[in-house]
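K.L.:
Pasting a structure below so you can have a look.
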Amino acid sequence: MPGKLRVHELAKKLGITSKELLATLKEQGEFVKTASSTIEPPVVKKMQEHYQATGGAKPDTDNKPTPAKPAAKPGAPAPKPGTAQKPTAPTPGAVAAPKPGTAAAKPTPAKPAAPKPTAAKPAPAKPTAPKPATPAFSGPTPGDAAKKAAEDKATPKPGGEAPRPNAMPRPMAKPGPKPGARAPRVANNPFSTGAADRPGPRPGGGGPRPGGGPRPGGAPRPQGGQRSGAPRDGQGGPRGQRPGPGSGGPRPQGGNAAGAASQERQGGGRRPSPAMMPPTPGQMPAKAPGKGGRGGGQGGPGGGSGGFNRGGGGGAGRGGRRGGTAGAFGRPGGAPRRGRKSKRQKRNEYESMQAPNVIGGVRLPDGRGQTLRLARGASLSDFADKIGADAAALVQALFNLGEMVTATASVSDETLMLLGDEMNFKVEVVSPEDEDRELLESFDLQFGEDIGDEQDLAKRPPVVTVMGHVDHGKTRLLDTIRKANVGSGEAGGITQGIGAYQVKVEVEDDLRTITFLDTPGHEAFTAMRARGAKSTDIAVLVVAADDGVMPQTIEAINHAKAADVPIVVAVNKIDKPDASPEKIRGQLTEYGLVPEEYGGDTIFVDISAKQGTNIDELLASVCLTADAELDLVANPDMDAQGVAIEAHLDRGRGPVATVIVQRGTLRVGDSIVVGDTYGRVRRMVDEYGRDVDEAGPSRPVQVQGLNGVPGAGDNLLVVEDDRIARQIANQRNARKRNALAARSRKRVSLEDLDSVLKETSVLNLILKGDNAGSVEALEEALLKIEMDDEVELNIIDRGVGAVTQTNVTLAAASNAVIIAFNVRAEGKATEEANAEGVDIRYYTIIYRAIEEVEAALKGMLKPIYEEREVGKAEIRAIFKASAIGLIAGCMVEEGKVRRNATARIIRDGNVIASNAKIESLRREKDDVTEVSAGYECGMVLSYPDIAVGDKIEVFEMVEVPRDS
């Protein structure tokens, strides 16, 4: 069948019911919802093998020849009368022969006989009881048993005519096409009516059935009877006591379901299990006797007669109700018994009782130390999918742990680990590098390795990064090498972006190509310097001979060492009078850079970038280091891989990324993905603005055609087509968004909820810059500003390019300030900003932007007030006025007393009023604003409980400037 099978289709194919197949799937650990659910091919194969191994429908069809199928209907009662003992004498042996191993273990004659010694009255009626002992011989095969059964069916049996109407009216119509599959289940159908649902005879199941007479009390039960270990008690009467001989004569095959099931098993059929048909109260046999069933002929619901059991009595029968499952699985009838539990159910129950995992009334799964890998910024829904739990339960559990999180919100790493610890899960947050590698592997891509053999590799030019402190001459050095002037065009004379150049220089009469990267030296550009160190082969550390080792010099050394990049030191400005190259060598020795002349392995070159002194010697040292210490090779024939060292938004060209190809060849028209952006290479230009059709290893080019501005430092990868590039970029973008949301989300616990809800001063900023590196550096520098908890800096948006109307609209809605770094407002953005009252600040030097933002944050701080004493007075007399109240007659002892001032009232050294107001102040009969020391006055205080002798201290709160 094409496609996946559904449950009901597989059940039909196997010849079983969908309910039975669903139960088996659940027992095997395959959880399928409904009969219309699809099943994977491995599960289909597993079920087929399961039913073949347990003797299911398929093997039965092999063991039952075609002639036996039509004979099953009329022959069902034939083998069971008392007169059929002679022709079917060997049949019990045939029944037991297919299971010689179980003949001794299960149908042990001693166990069934032991509980029934009281049945001594019917002793003479079982002369054939010893015959089932014949299973000791090998016995005929199931095929022989089928032949014998067919012969028995062909012979008319007088005793079998009576029960025929109830024997097989319905079930054999179903198992007709697949008798081996349907026959055992029909006997177990609790919704059948009487013995009509009992299966027909099995191959080898035509053995003699005892008559209705009583059985000897100590006689062993025949082999084809019920299962071992459980005696057959009548389904209404007490165990071992039968009302008497069966009133209906010998029972047909359907009378004892246990016998039928046993014959089916011994005849090659599958073995039913209680888990396949869980008993329900409607299927259980009743404890109270029924109204009396037909002796033997009524089947399972009767008084327990039929098969190898004695005929049922009227008092013990249950013929009036629908068929039960007594004896269906080889167990006796009687009181209902709970179905057996699987080992998995028992183990799960035991483990849940041993260590219940309940958090705040929510029951959660126990991880038992299992390791979970979650992406950074994952939500509780992602967590719940991993462990198979309900996301709402995790939300409630986390709320009880003091964290308020929604099911779909990105959660911080600490919160994920906290929740994992509570459930005994070990949560591992996947690093961005591992996450990106797994993403590329899902598309059969990899980054960072050359593809091909060694003969495919070719030499490539070295990539050299010029690093050092600000104003130490890095850009001037590159200008001298390139014979150009770049530094004069930079704002403030400092480099605020990475410049990439490829120059051809003559070194020892050999024309060499070297790629140079110029990194910023200002402290705000730490990330740029680190990125430049990771993208390079050799680092040239420029140190001014007149300035010495500075903080950014040390930082550049650490970046180069972290990237495991060899360092060549260029001691610049040796032409200045106060230059001291030897001092520089001594200082750098402390940081592990020991000159060769001191016995170390670091090359030091004294240069003057301004005068052009020793520039050739520096280039020769760079080439020598590249040849001696590095094996600079790459495969130029593979798909290009590289890194974006800078990116910006050009108004006429759109997003432009400056990339260095590390391996392979980048061509116009290639589909590329750079970080979370993608596109097709529309145009490439070199550092001189000339169009380039292809760029080989170590070649810096500017790429146009991306759908957005990538981040500085993002990897460039050529993929097969735009569809793959778009999928990779979208997944990266979603992960980046989740990680950013988790990082920016402030953890709010119930304990600090009150303080969070209090009004705080927030400065919202929108950052716009000329390139991605500048925006990144500005954002990091602003976030490093240390302020009190009273104010908060919130960067709500950042981007590359001019200030647009969209930025102004967002700023107006969020009451934000726009910081424009090396860009201007375009179009009607300025008019809209003026109309909306949006403040746009323009900067060209980064530290000025940092200083002004820091000053703005300080201005947003709540003012600090301190108490300043104004004067002191003493109450000398108290006057009463009906309209005013108490009037204090005072003498001003120090300073001044002002009207509406705040006063502190002290009595016997204790403050009785700390914040009283001077509501009225008079001198003689005149209202005055203040009274100086040495004068008397009358005042009315807001605090009425005053007395003669009280001291009044008048003070005021004065705002003081903040130090920080």
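Every residue, even glycine, has its Cβ placed from backbone N, Cα and C.
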K.L.:
Ranges 366-369, 518-521, 534-537: which does Swiss-Prot label region 'G3'?
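P.N.:
Region 'G3', as annotated by Swiss-Prot, spans 518-521.
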K.L.:
According to DSSP, folded down to helix, strand and coil, what is ILE574 (GTP binding site)?
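P.N.:
DSSP assigns ILE574 (GTP binding site) to coil.
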K.L.:
Treating G and I as helix alongside H, and B as strand alongside E, what does DSSP give for the region 'G1' (468-475) in helix, strand and coil?
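P.N.:
Per-class counts: 2 helix, 1 strand, 5 coil.
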K.L.:
Inside 10 Å of the Cβ of LYS474 (GTP binding site), count up the other Cβ atoms and send me the figure.
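P.N.:
There are 29 such Cβ atoms around LYS474 (GTP binding site).
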K.L.:
Could you tell me which of these binding-site residues, GLY468, ILE574, has the fewest other Cβ atoms within 10 Å of its Cβ?
P.N.:
ILE574
K.L.:
What number of additional C-beta atoms lies within 10 angstroms of the C-beta atom of ASP471 (GTP binding site)?
P.N.:
16
